[in-house]
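Before any comments, here is the structure.
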Amino acid sequence: MSLPSRQMAIVNPPPPEYINAKKTGRLTNQLQFLQRVVLKALWKHSFSWPFQQPVDAAKLKLPDYYTIIETPMDLSTIKKRLENRYYEKASECVGDFNTMFSNCYLYNKPGDDIVVMAQALEKLFMQKLSQMPQEEQIVGGKERMKKDIQQKTAVSSAKEQTPSKSAENVFKRQEIPAGFPDVCLSPLNMAQEAPPTCDSQTVVQITKGVKRRADTTTPTTSSAKASSESPPPLREAKPANAPVKENTVKSVLPDSQQQHRVLKTVKVTEQLKHCSEILKEMLAKKHLPYAWPFYNPVDVDALGLHNYYDIVKNPMDLGTIKGKMDKQEYKDACEFAADVRLMFMNCYKYNPPDHEVVTMARMLQDVFEMHFAKIPDEPVESMRACHLTTNSAKALSRESSSEASSGDCSSEDSEDERVQRLAKLQEQLNAVHQQLQVLSQVPLRKLKKKNEKSKRAPKRKKVNRDENPKKKAKQMKQKEKAKSNQPKKKKPLLKLEEEDNAKPMNYDEKRQLSLDINKLPGDKLGRIVHIIQSREPSLRNSNPDEIEIDFETLKASTLRELEKYVLACLRKRSLKPHAKKVVRSKEELHSEKKLELERRLLDVNNQLNCRKRQTKRPAKVAVSPRPPLPPPPPPPPELASGSRLSDSSSSSSSSGSGSSSSSSSSSGSGSSSSDSSSSDSSDSEPEISPKFTGVKQNDLPSKENTKQIQCSVPDITSAETALVQQSTGPCGAPGKPPQQMPGCQVPHHLQATESTASVQTQPLAGDCKRVLHGPPVVHASAESHTVLELQCHAPVQKDIKIKNADSWKSLGKPVKASSVLKSSDELFNQFRKAAIEKEVKARTQEQIRKHLEHSAKDPKVSQESQREFGSGFTPESSSNKVQGRSHGEEQSEQQQLPSPSETQDISKLWLLKDRNLAREKEQERRRREAMAGTIDMTLQSDIMTMFENNFD
């Protein structure tokens, strides 16, 4: 038999039956739990899809499935059986679940995916099954039992109300009135519930009291029915003394009862208004997340809570309370509070303490208790009056009962006494009302004055922070006085009026408010959270660090208060945009200054190239047969300084020249450090100090030097390139100086250096040209130049005396730059100082350490740099002895030259160092450019405020 024929031969059996043919199925609480909780949870699980339908053996190509599995089962079959009441008890349904899981384990291997999914479902099934009610009860049985009990009680009550027994009841009622007030729970309630409008009503209510005392086993419903069915025989069997009693009750009770009713309605309406407001607050949308379980009565059938009414005898919910409030069934606020607290107590009684509903009930009860505590209490005098009226009512009821047994004379005397007492009570009540009106007007005036003061001067409270404790103490005293004067009624009313009068916000205003709040700094957000928590009771206990605010749930008064505070904060920050404009203008000035420097450097470079072509001569170089000189450690800075000395006359207006040169000359620093931050005065300054040490060089970069070194880096690179090009050409005799620019004085030692520098600086020419043609390194910091200065000056230890130093100082006085550039540089330096100073110190110390190690390893290089440095600072106008000394030193240096191979190795090393340094600078520049895109506005605003304070 072929494979297709086998596949066609696989036929699925019919699904299991789900309709009980015997009709013996029942609906129990456990089966309801299995259907609504267990099956629903399993069906929603992500692993339940293979078990939701019967196994399709033909589709899955499982020919032996139904031969191995004799009783197939799936979730859909169980669901249909539960819906059609197939099961007689819950154990049958649990057996079907276990059959489904055992079929999976029987047919599949232990490691298969379907087995893992079945194990996960079985675990969930066992967890849900552990929550099932232990006792199985039929769901419809209780209702039938209740109906049977009610029918039996109705029949028994009807049998008791026969004409023969009704007469006995009438005689009993005639004997009881003397002791009746002791039987009633409160004469006030009886007086209110039973107005003496007709004879039958009074008699019926008296029968209620008698019935409750005589028969405690029967429920109140049956007694009420019996009393309602009994009036006709009662009317027939009235005795002769009954009308006398009713007349006395009529003549005495109406006045006192009416007076008490008027008083009670005034007080009740005042308090019940607040109670209705509390009920509206509890039913509001903002309390929905934790108040929704209490909106409606507990649905016992839907939730499967079949023992609920056994534990909770008096169920209560907010819907029932609202219905009673609408029907005006509450007489005072205490009854309303009792029902609300009963609702919460039922929740705490039935549910475990760690249940979610208990937490929600506690949150809602906090809201209720907080609002209920704000309800104004009744005054003490009025309470006493109420007690007096109740006592008088009790006395009246007792006296009326005694008068019913006595004659007409005693009843008339008691009536006169009652009238006198009632008159006194009315006088007392009038006096109390007058006192209350006077007391209520005084705090209202104080509150109006406070509101006017707060509206007139709201800013003084923010400025005078030290006065807050005094004001708080005064406010506390005023509050205590107000409490003693009983002003509690008016304050919550005023708050409610403010909340009602607050104009609600539309969508655009809420959106603008949220945007304005996002603009505020972090220190202002704490005040916003405080405002919201003080005005919103639902958010009072929330964490201020992780609070979530929904504008839709906030009150209109809270939103308006937030709007006022945000506008006040934004007015204070109105000067910030002006400061930002100033910063932008400075940045533009700085960029323009850089562009101008680059343009001038290009002009200087072109001029140097022209002069070099003019000064070319066919003279032979006398030093050509000698081996090339090894480049000493500081050749780049010396060449740069020399070229800049010759070019500084044409660029005398570069930024910050005067201030930097003067500061460097006064501090006695080296000439190379002054050259890096000077223009035209540095070519003739005698800036050689008696002793040069590497430690002193650590103090060289001052405030102005640091700034000007950064600004003059393009000048260094272009000048180095220009000097290299000039030195590669043929030179004349060593004593002859090259042709100079007009107005420029070049010292003799520089001329000698240029004559011998053609061989020394030849390897660096190509590198410097690449630097010139590449992008100008504008962001080069002061550290690199300081390191070169240290390398140049550290080895020098001999004293050099200069003749005519005063004349050279006068000749080298700095030319003052324009005030605009100077002021902008100083302002820029204040911004860059804090960021650069730490970096400069750390790198300088590291370079000093490296230089000392290098000088210790190569003593020859340090001696050569020392000699060259000593001979390089003698001016042209100095004596012939100094010139001769410099020429002698040059000749001695030429005699002590190393071999060409050593020179090439050293030059390669310096090239590698220079390239590494340039690479690090480029990486630093790119990192700063990347970081420049992210701007911390809070930090920028703080920097601007600090800058403005220092600038003023």
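Glycine too: its Cβ is placed from the backbone N, Cα and C atoms.
The coiled coil annotation in Swiss-Prot covers 417-442 (among others), and the record cites sequence analysis as its basis. Here the coiled coil (417-442) has a mean pLDDT of 78 out of 100.
Sequence annotations record features per position, and here Swiss-Prot assigns coiled coil to 837-936 (among others) based on sequence analysis.
According to Swiss-Prot, the feature compositional bias 'Basic and acidic residues' maps to 141-150 (among others).
The annotation compositional bias 'Polar residues' is assigned in Swiss-Prot to 151-167 (among others).
Sequence annotations record features per position, and here Swiss-Prot assigns compositional bias 'Polar residues' to 718-729 (among others).
If you look up Swiss-Prot, you'll see 850-867 (among others) marked as compositional bias 'Basic and acidic residues'.
The compositional bias 'Polar residues' annotation in Swiss-Prot covers 874-883 (among others).
Annotation source Swiss-Prot lists compositional bias 'Basic and acidic residues' at 911-930 (among others).
The domain 'Bromo 1' annotation in Swiss-Prot covers 26-132.
The feature domain 'Bromo 2' is assigned by Swiss-Prot to 266-375.
What Swiss-Prot records for 495-577 is domain 'NET'.
Residues or ranges marked as phosphoserine by Swiss-Prot on the basis of similarity to another entry: SER186.
For 141-168 (among others), the entry in Swiss-Prot reads region 'Disordered'.
Among the features that Swiss-Prot reports, region 'Disordered' is placed at 209-257 (among others).
The annotation region 'Disordered' is assigned in Swiss-Prot to 392-420 (among others).
Marked as region 'Disordered' by Swiss-Prot: 442-504 (among others).
In the domain 'Bromo 1' (26-132), the DSSP tally of helix, strand and coil residues is 71 helix, 1 strand, 35 coil. All chains included, 10 other C-beta atoms sit within 10 angstroms of the C-beta of ASP113 (site 'Histone H4K5ac binding'). Within its own chain, ASN108 (site 'Histone H4K5ac binding') has ILE114, VAL115 as residues 6 or more apart in sequence whose C-beta sits under 8 angstroms from its own.
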